[in-house]
Amino acid sequence: MTEESEETVLYIEHRYVCSECNQLYGSLEEVLVHQNSHVPQQHFELVGVADPGVTVATEAASGTGLYQTLIQESQYQCLECGQLLLSPSQLLEHQELHLKMMAPQEAVPAKPPPKVPPLGSSAIHYECVDCKALFASQEMWLSHRQTHLRATPNKAPAPVVLGSPVVLGPPVGQARVAVEHSYRKAEEGGEGAAVPSVAATTEMVTEVELLLYKCSECSQLFQMPADFLEHQATHFPAPVPEAAEPATQQETQVPSPTEAAVSQPEPLPASDHSYELRNELRNGEAIGRDRRGRKPRRNNSGESGGAATQELFCSACDQLFLSPHQLQQHLRSHREGVFKCPLCSRVFPSPSSLDQHLGDHSSESHFLCVDCGLAFGTEALLLAHRRAHTPNPLHSCPCGKTFVNLTKFLYHRRTHGAGGVPLPTTPVPPEEPAISFPEPAPAETGELEAPELPVCEESSAEPAAPGSYRCLLCSREFGKALQLTRHQRFVHRLERRHKCSICGKMFKKKSHVRNHLRTHTGERPFPCPDCSKPFNSPANLARHRLTHTGERPYRCGDCGKAFTQSSTLRQHRLVHAQHFPYRCQECGVRFHRPYRLLMHRYHHTGEYPYKCRECPRSFLLRRLLEVHQLVIHAGRQPYRCSSCGAAFPSSLRLREHRCAAAAAQAPRRFECGTCGKKVGSAARLQAHEAAHAAAGPGEVLAKEPPAPRASRATRTPVAPSPTALSGTTSAAPAAPARRRGPECSECKKLFSTETSLQVHRRIHTGERPYPCPDCGKAFRQSTHLKDHRRLHTGERPFACEVCGKAFAISMRLAEHRRIHTGERPYSCPDCGKSYRSFSNLWKHRKTHQQQHQAAVRQQLAEAEAAVGLAVMETAVEALPLVEAIEIYPLAEADGVQISG
């Protein structure tokens, strides 16, 4: 079965249906067998003049050029001359010409061939050898054959052999058809005419047999998958050897040279859908193989059974079967009875199989896998699934694939034949992968094409240490090359081969398609036992149940951050490893996730892939386009948050909405076992317990890790504690505050996470990495850009439930709701005036600051004036007293007089 045919399988109501003819099947194996009829085969027609007596093999070997052109038309070839015909009717007429040439001249002329309706090259009709009636299906032919067997059960047609099989050469060897030339005996022939003469044979019947299943070990062909799988099991050693049976007469009998020549199967080239040209020998001298590739059984006399012995029928109900295995199963139903399903009327041979089938109707899954959380209806299915978690699966292929089921493993091995997928060679480290980007998706479709990002080849393995293999993309190490190959195929490969027939979405695994189909049908068969919420897959249910338990089983060993999914943890580890394999060719920026590189790519082109058909706007993500179409053009917002009143276009957006009001009303059910403190989530409890562990047994926690900051609209003023009002302190001495988290090198501010620090650093650096594509204004955070873009789009998703007024930001809605409630939670500590919003309080506080600054400036001016006057007074008082000295002219007669 090719990969194209596997993509056409749908899964509806726990059954398989063929997309070509809408026929339902109960198992995957049945629909795979049925899909072979829809696969276009390679048919050939030889154009040119056929030279009688020259076969196709000799013509192809000699290269004379009589058959030069091969076109895909025919699949029926004459074994006498090698000529290819278009239909069984043409082959029938052609074979009658050979009979006329071989018959003597005085023989009675052959009857004209019956009028056979034209058969297409792809249709297979079954013809009765007694009355030459045509049937379109094998079941109708079998039921018709029973009427002849009941009338003459011992009468068997004796075939006449025209010639030996012709082995095709390479040009036409790719289309091999198993054709049986069987002839009826003349009506007047008695029992003595075991083999009629050629002259007496006047009519001929052509039966076309397709052997679709070929053993890769011994090149033996089979028609039914049950016989093929039964034969494949013979190539594998049994776990407990059975006792050797005594030699029968068949084993001791020495075959004749004719038997040995015919019974030896000639090796044929392997192919995915190979056929075989052969001529069944049904006379007593030569023994061929039955239509299932097995030798016919012998009787005690050593003679080969004819057609009557090969056609097995039940002696109780005269039902005809094609293999002894089917007959044996049918006879057991007569001995032990059957058990019928009351819902679908299906019959089962044992009560256990009926109970297992009834579990499929009820969709009950009582057996849960402890490793991945998947649920199964039976314990056998769970045990088979648990083998997939073991390091050594039961069946492994050299190409790297591993299988728990032998049937799927045998089907997979057929793909490695000639013309199939070759086996991988010795692991060779690949070169540096080159990244190519596609053109932006057209505006009509609105589809987003993923770029051809680098993928790990199946054979790429880099030995990091003796006996270990390292992945080149994520640096994970594996002990075996098969484990590395499996990891690269399912983790890093972007190939999605399985397609949803309804919406066209591609998936990596067929099980993902089955889970995805439930989104179209609305089926949610997996309810949560805690809250009764239904889910469409067991994995989603197991992931949801972690929200009830608060468990995060996947924890990072570097930073201690916990996750609910292992894939999220693996992506998180790439950040610590500084491994960014996806690089932008234009700006050189590297990313550790491919979709981030894809979104970054559109920033360079300036054109977003998802365009609205009603307006010229485009979006980076599909969900943004869907929200835009629902809210703006359709005006639909049916989902509303009961806590904050925010309206959303879908239930998914409502579930993703994290309402701070609901979080504040939620009870705190997680209690610390050390100090008795209760928190609202398991993550906060783990952070609180980690703080106890870091503080030590004898220390007291001075400060809890900072909780996520709420929006300004949802902040409420914190009332001072009674201890602070009374001015008393606790008896226990307060321990010094412990530094937790990274610190800003500019302002020495502490943060709880590295992400918060990176956002804070943009204040110092002035970086604004989120520009608006409409007006060019840049922002430091993506949430700010998201709120800003609603100004351009006109979206107002937050509506008031009282008056119907809508807002673009949830903070504005919270402020507006206080108009109806009359709440004013923000009060001024200076004058006691209260406000509805923090921004109004902030504006009011500025007036107090201005008044305070004016008063301070006035006080400073008065102080400066007073200081200046005081300085002047101090300077005047500090001047020393100076004695005045009067100087008069000296008289000759008078002496000097100094006034004291």
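Just so you know, glycine gets a Cβ as well, placed from its N, Cα and C.
As recorded in Swiss-Prot, the features of this protein are as follows:
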ZN_FING   16-38  zinc finger
ZN_FING   76-98  zinc finger
MOD_RES   Ser164  phosphoserine
REGION    244-306  region 'Disordered'
MOD_RES   Ser301  phosphoserine
ZN_FING   312-334  zinc finger
ZN_FING   367-389  zinc finger
ZN_FING   395-416  zinc finger
ZN_FING   469-492  zinc finger
ZN_FING   526-548  zinc finger
ZN_FING   639-662  zinc finger
REGION    690-741  region 'Disordered'
MOD_RES   Ser721  phosphoserine
MOD_RES   Thr728  phosphothreonine
ZN_FING   742-764  zinc finger
ZN_FING   770-792  zinc finger
ZN_FING   798-820  zinc finger
ZN_FING   826-848  zinc finger
MOD_RES   Arg836  asymmetric dimethylarginine
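The Cβ of Arg836 (asymmetric dimethylarginine) lies under 8 Å from the Cβ of Glu815, Arg818, Ile819, Glu823, Arg824, Pro825, Tyr826, each of these being in the same chain and 6 or more residues away along the sequence.
Summarising model confidence by region, the zinc finger (76-98) averages a pLDDT of 70. Broken down by DSSP into helix, strand and coil, the zinc finger (798-820) contains 11 helix, 4 strand, 8 coil. Per-class residue totals from DSSP over the zinc finger (742-764), listed helix then strand then coil: 11 helix, 2 strand, 10 coil.
In the three-state DSSP reading, Arg836 (asymmetric dimethylarginine) counts as coil.
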